[in-house]
Ligand SMILES: Nc1ncnc2c1ncn2[C@@H]1O[C@H](COP(=O)(O)OP(=O)(O)OP(=O)(O)O)[C@@H](O)[C@H]1O
């Protein structure tokens with residue numbers, strides 16, 4: 001029986017806390033506390049923005065500090081020139097978005113420490129930039145005498161200003177929460193786990209990163225604008241590396257993959273260090289300590305801890321049931337033949353050649369794969385099988401030759417456009433991002449297809465819900481095909497290998513692909529699991545799919561394939577039906593003799609149609 005608590009919508013508690021917070025000054029609270037809470041609201045916006053790039057997308061960028069400074073200076077300068085607070089804030093937010101995009105450009109190519117270092121230098125440049133524009137910014141002495149905040153001609157007192165900041169925080173947190181629980185948030189998770197996976201799902205990773213940088217800059221600009229209205233003064237000393245460490249520590253401590261976590265992280269750090277006299281001098285050390293403590297003791301931060309303790313999951317990840325761990329894949333239920341057709345298209349590869357510096361990975365290889373058939377590529381390690389898949393899917397550019405799908409050239413196009421043309425794939429090591437259910441992981445194959453605008457997502461407009469329903473229906477249908485419907489609500493990253501491989505096939509199918517590339521899907525599976533997988537592959541072909549299979553398990557290859565191509569040292573050695581390949585002397589000598597289970601060849605496993 002569900003308790004009344006479980007029927008309370010997930011947004012209710014945060015909203016109630018937000019409203020209670022807004023009223024704090026009117027309980028007779030000490031003005032020093034009101035100031036602290038005002039700063040907590042402002043820094044929460046800054047950290048919530050950071051969580052989008054750092055937490056969700058895994059992009060370590062300190063650009064937030066620079067955007068905070070930009071928001072502060074823009075608002076301060078405009079208010080000194082007679083603008084009132086709200087239009088000044090609007091300009092500051094817009095400027096932060098634009099500059100956030102420009103300064104994020106290195107991040108489109110760089111990742112990890114490279115991006116961290118570039119954004120770190122951006123923060124170091126703030127004093128120099130203010131000096132270049134000393135007339136406008138006050139240089140190293142700062143911008144003084146910023147007029148008090150007014151709205152509609154009314155000058156806000158400290159309590160009213162606090163209420164404005166808290167309302168801004170509640171709105172920012174609510175909007176970002178909506179966004180991060182949508183396909184956009186999950187796309188960032190996919191990007192963080194594997195840019196190659198993201199691109200093979202049709203996601204334009206440069207555009208995705210650029211959107212993440214812009215969106216995360218907006219609350220930073222707003223926060224900066226509010227901080228200058230609070231103190232009526234700013235100087236470059238307010239925007240140092242110490243602030244960078246503070247926000248990263250707050251992000252980690254609160255839970256960098258949670259928008260709500262930003263509030264908890266900031267509150268603990270600000271209140272934990274407040275009134276410690278020695279703090280001013282040692283603030284960097286103290287923030288560093290919080291960062292280490294957060295990293296060591298709170299995986300997923302305070303937000304994750306609270307969710308686990310409450311036993312209730314509020315976010316997309318919160319819908320996950322306890323990790324499936326080593327839970328075995330459910331046996332494939334005998335299904336009525338799946339009648340939903342798969343729109344396979346003919347693949348033609350002509351003279352594909354790929355050289356890596358001196359290494360000739362693939363030489364003048366031509367193959368074809370037809371709808372309704374399983375076409376397999378076999379060959380010793382390093383013979384060029386994965387290179388061929390990577391050339392077809394656009395991850396590599398060919399040195400010569402081409403691949404076409406239904407006559408349309410694929411090779412040489414960016415991988416996300418190849419994916420959008422209908423090419424889906426699985427990987428040698430299955431890639432399923434953390435924090436997503438199986439259903440969400442499979443539905444991610446539709447993000448590029450059923451996309452909606454960010455505004456539609458943030459505001460949860462009907463078109464957003466319609467797209468969610470369409471993705472979910474396609475994902476359930478794909479899971480049904482591979483016999484994994486029961487796993488829909490499980491944590492995708494916690495599945496046992498057999499299930500992971502089948503879920504990857506389901507993800508490949510969910511986009512209704514014209515060509516399916518399977519890279520060693522049976523690797524690491526036991527005999528029973530291989531049989532089930534073989535059955536799934538046959539069913540996909542029987543439904544009209546074009547399947548190109550790379551596999552070392554020769555018995556499985558023989559049992560599922562219509563055509564087999566044998567590669568050796570990047571060249572095509574032979575082609576034919578499974579029978580012809582098994583009888584081929586050259587293949588027997590150069591390839592089959594090297595297989596560990598060569599003596600058992602010719603005993604094909606069963607594979608249901
Ligand atoms: N990105 C790369 N840079 C340099 N060399 C590469 C790259 N990718 C593949 N190669 C080389 O190309 C050759 C073919 O590799 P490939 O991975 O395609 O073989 P494979 O048949 O898939 O092997 P396996 O069965 O072990 O996966 C190898 O010599 C490999 O070292």
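Here the Cβ of each residue, glycine as well, is placed from N, Cα and C on the backbone.
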Listed range which TrEMBL flags as transmembrane segment, given the options 161-180, 181-200: 161-180
TrEMBL annotation of transmembrane segment - which of the ranges 89-108, 209-228 it falls on: 89-108
Reported mean pLDDT - the domain 'ABC transporter' (347-594): 92
Chain residues outside the transmembrane segment (65-83) and at least six past its termini with a C-beta under 8 angstroms from it: 46, 49, 89, 91-93, 95-96, 99-100, 103, 119, 122-123, 125-126, 130, 136-137, 143, 145-147, 217, 220-229, 234, 236, 238-240, 243-244, 247
